[in-house]
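Some notes on the structure that comes next.
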Amino acid sequence: MLAIDESELNQHAMKWIEGIKKFTEAEDVVVCDGTPEEFKQISNELIKSGEFIKLNENRYPNSFLYRSDRTDVARSEERTFIAAPDASMAGSLNNHMTLQQVSEVWNKFFRGAYRGKTMFVIPYALGPLNSRFTDYGIEITDSRYVVLNLHYITRMGKQVIGSMPEKFVKGVHATGTLDPGNKFIIHIPWDKPEGVDADILSVNTNYGGNALLSKKCHALRIASVRARKEGWLAEHMLLLEVEDPHGRKVYITGAFPSASGKTNLAMINPPKQYAEAGWKTRLLSDDIAWMKMKDGMLYATNPENGFFAVVPGTNYRTNKNAMITLSRNTIFTNTGMTKTGEPWWEGLDPLQEELYDWKGVLRKPDGEPIAHPNSRFTSPLSNYPFLSDRSEDPEGVPVSAILFGGRRASLVPLVYEAFNWNHGVFMGATMGVEKTAASEGKVGELRRDPMAMRPFCGYNISDYFRHWIEMGRKLSRRPKIFYVNWFRRRQDGSFIWPGFSENFRVIEWILYRLDHNDNAIETPIGYIPENINTDGLNLTKQDMEELFRIDRDGWREEMKSIGDYFSQIGNIPEDLLIEFEMEKRRIS
């Protein structure tokens with residue numbers, strides 16, 4: 001940690017920091033240097049205060065458990081706001097806040113918020129350093145937990161201080177009282193209220209996406225506004241490298257709403273028969289991809305430097321690479337813990353003995369979950385066993401295919417290909433997830449999550465669709481767009497497709513389609529595979545027919561639902577409405 005006067009930050013940053021210090025009445029200020037010594041010092045302070053528990057050093061070296069407040073366990077969409085002079089700029093899917101309301105929150109909750117506390121200044125960069133993607137930010141916080149998470153998920157500290165530009169994204173976070181009714185996560189991408197010199201404000205929360213301002217707040221909500229203005233894309237997408245047996249490498253991005261298989265696909269290993277044939281996969285990003293144009297193509301990078309991922313359900317069968325990643329140098333949030341100091345969550349081998357649940361209660365693993373369903377692990381990208389050697393490429397990697405996917409029990413085939421770019425945008429704009437349990441609301445109820453950006457687009461979603469259409473016009477070599485659905489079920493409720501590493505069989509067909517015009521059947525909704533490799537899978541002819549069955553009656557109902565959804569959003573781009581009308585005609 002550095003004293004403010006020895007940090008070598010530029011004068012613009014120093015002036016801003018001094019202003020925040022004065023307003024929040026911080027007792028002292030330190031600039032985070034990002035060193036292992038700093039991490040050790042802060043983690044020891046958290047252990048001493050009881051906020052961190054040191055985990056079993058033999059099984060999980062340099063790893064810790066953090067338990068959040070019981071009311072502060074997930075991103076809070078209903079408490080997340082876009083501040084704009086006019087509500088239409090935020091759009092119907094965002095919560096709008098007036099500039100006057102921002103001023104009120106700033107003065108009520110941030111004035112004196114650090115009284116008696118240390119103010120931590122975290123200089124960070126998103127994207128590979130010294131690249132055309134690099135974007136800088138500073139998060140100011142009173143939370144040591146936030147500091148240590150940013151150690152892992154960003155490039156931060158000394159390595160970015162010297163290159164911090166005069167203009168950077170300014171984020172201010174205050175833990176506050178954790179009062180859920182006064183929790184605010186505010187984004188100010190356009191005009192600022194007088195006296196509020198910040199792009200992001202977060203208060204009365206200390207959880208993940210609400211408090212780690214580099215992540216969803218900067219890398220998606222603020223970045224998406226800038227991307228539209230500057231002509232690029234900031235997307236809630238994985239980024240995967242696939243190498244075929246001939247050594248050819250192809251790069252794929254994919255947008256999936258929560259619980260739709262994004263992390264597992266990002267971390268996929270080819271099944272045994274493919275690996276033996278020479279296929280390889282390598283990760284670039286599990287969560288966010290920034291894409292910029294070059295030579296008529298999209299080139300992508302991961303703006304982040306680590307993982308902050310959901311952990312329940314993860315085991316050596318479902319995601320071996322995640323298990324390797326979280327086995328060291330990891331912060332666990334809201335998992336359970338065994339008496340021997342090992343983290344535990346649902347999906348690991350069942351235990352009969354008592355263990356500590358996510359609230360710290362020692363009990364048998366029956367009844368309520370031991371780990372919170374949204375419990376997380378934070379690990380550096382360098383922990384991952386199969387990282388692409390182009391993860392730091394200053395130019396990014398060329399994107400050949402874009403995947404959209406949702407969780408649908410019926411109707412949507414295992415995979416289908418868009419007829420063209422605009423049709424692909426229509427597919428992404430209308431993707432959705434079915435509720436799968438009574439506790440989540442009505443079973444089968446559909447939540448539309450366009451491009452998986454519903455909670456993360458920093459501006460009006462109809463303008464976002466328009467931006468995608470315009471990007472397609474500018475590209476001479478557009479990625480092909482596909483839709484995947486791993487979750488189609490049989491009549492008895494069981495999943496038809498085995499999923500997990502077997503999803504690679506779908507990737508194989510997608511890669512084939514990038515260079516070939518055959519092995520596809522035209523349907524009213526897009527191209528489906530004529531043949532897909534199912535050798536070794538326990539799938540019947542009836543299963544395969546059901547995986548790709550086009551239910552015209554069901555699709556007519558889907559079109560009605562999409563019409564209602566478009567009416568709710570309003571101002572849908574003409575090109576998208578044309579695709580909608582063409583789809584309806586093909587289905588009728």
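Note: Cβ is positioned from N, Cα and C throughout, glycine not excepted.
Just one of ASP179, ASP286, ASP287 is listed by Swiss-Prot for the same Mn(2+) site as LYS216, HIS236, and that one is ASP287.
For the substrate site, Swiss-Prot records TYR207, GLY208, GLY209, SER258, ASN374, SER375, ARG376, and the single candidate of ARG75, ARG79, ARG505, ARG513 listed with them is ARG75. Per Swiss-Prot, GTP is bound by ALA259, SER260, GLY261, LYS262, THR263, ASN264, ARG376, PHE500, SER501, GLU502, ASN503; the candidate from ARG228, ARG407, ARG473 named for the same site is ARG407. The Cβ of SER260 (active site) lies under 8 Å from the Cβ of GLY405, GLY406, ARG407, VAL433, ALA452, TRP486, PHE487, each of which sits 6+ residues away along the same chain. A Cβ within 8 Å of the Cβ centre of ARG75, TYR207, GLY208, GLY209, SER258, ASN374, SER375, ARG376, the residues given for substrate, is found for these other residues of the same chain: VAL73, ALA74, PHE308, VAL310, THR333. Counting other CB atoms no more than 10 Å from each candidate's CB, the binding-site residues TYR207, PHE500 peak at TYR207. Residues GLY209, LYS215, ALA219, LEU220, ILE288, ALA452, PHE456 surround the recorded Mn(2+) site, their Cβ atoms falling within 8 Å of the Cβ centroid of LYS216, HIS236, ASP287, which are themselves excluded. Across the fold, the C-alpha of ARG75 (substrate binding site) and the C-alpha of LYS216 (Mn(2+) binding site) stand 10 Å from each other.
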